[in-house]
Amino acid sequence: MSDIHSLLVAAILGVVEGLTEFLPVSSTGHMIIVGHLLGFEGDTAETFEVVIQLGSILAVVVMFWRRLFGLIGIHFGKQPHEGTGKGRLTLGHIVLGMIPAVVLGLVFHDTIKSLFNPVNVMYALVVGGLLLIAAECLKPKEPRAPGLDDMTYRQAFMIGCFQCLALWPGFSRSGATISGGMLMGVSRYAASEFSFLLAVPMMMGATALDLYKSWSFLTVEDIPMFAVGFVTAFIVALIAIKTFLQLIKRISFIPFAIYRFIVAAAVYVVFF
């Protein structure tokens, strides 16, 4: 792969990663399709995808830095408060949201990696879309937690249980957690924010583990390509998160569910 071509591929995949990582549409499904169409597959491609996820994670940190620092007791000025009462989101909420998927992910890490194939991703796209529709149809008419700071520890833990569905490649971590939050009585907006905050430790841990296992596939020659992908993913993810949070104030997740079905059909057409 020529230098110019490899950098172009990196930029395209960075855009795809940044656009889809935090939307409930499955970044995995999109990366599989686009990577296949670009002829960028194999061990190096998998390592590249792990690295550019760090760019997406950095976008969340930049967006929610004040809230994230506040969770660990470091305060800069007045802390944000989004709720109807005096409650506050704590580090305990994040930890409870992490526990179920961390335990299952560590125990079944190799098994989960073996599930990364187009068939499983296609089915996960469909099932995840159905869950989004179910969440919109079955959520309480009046959310019990309108704001992020109204969330209970029980709601955080149950969202963590739903996050386990995202261990199924193609399901979408944000789709699973947001759907779970809505079914637990958390508003669409607050569930999305919690999903983003929960993504930081979850994705950093998973990425660190994957990088450790993929370290041998990294070469000095790949650094420019990986850097372009990382920066592109960061910039695009930053824009995507801001746009998404504004969008869900006006629309439901039904269009995202329909889009997932379209992507599932695309996976079928491309690979079968």
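Just so you know, glycine gets a Cβ as well, placed from its N, Cα and C.
These features come from Swiss-Prot:
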type	residues	note
TRANSMEM	4-24	transmembrane segment
TRANSMEM	45-65	transmembrane segment
TRANSMEM	89-109	transmembrane segment
TRANSMEM	115-135	transmembrane segment
TRANSMEM	152-174	transmembrane segment
TRANSMEM	189-209	transmembrane segment
TRANSMEM	225-245	transmembrane segment
TRANSMEM	251-271	transmembrane segment
Cβ-based contact of the transmembrane segment (225-245) with the transmembrane segment (115-135), 3 or more pairs under 8 Å: no
Residues from the same chain, set at least six apart from the ends of the transmembrane segment (45-65), whose C-beta lies under 8 A from its own: 10, 13-14, 17-18, 21-22, 31, 35, 193, 196-197, 199-200, 203-204, 207, 210-211, 214, 217-218, 222, 225-226, 229-235, 237-238, 241-242
Among the ranges 4-24, 115-135, 152-174, 189-209, the one whose Cβ pairs under 8 Å to the transmembrane segment (89-109) are most numerous: 152-174
Per Cβ pairs under 8 Å, the stretch of 4-24, 115-135, 152-174 packing most closely against the transmembrane segment (189-209): 152-174
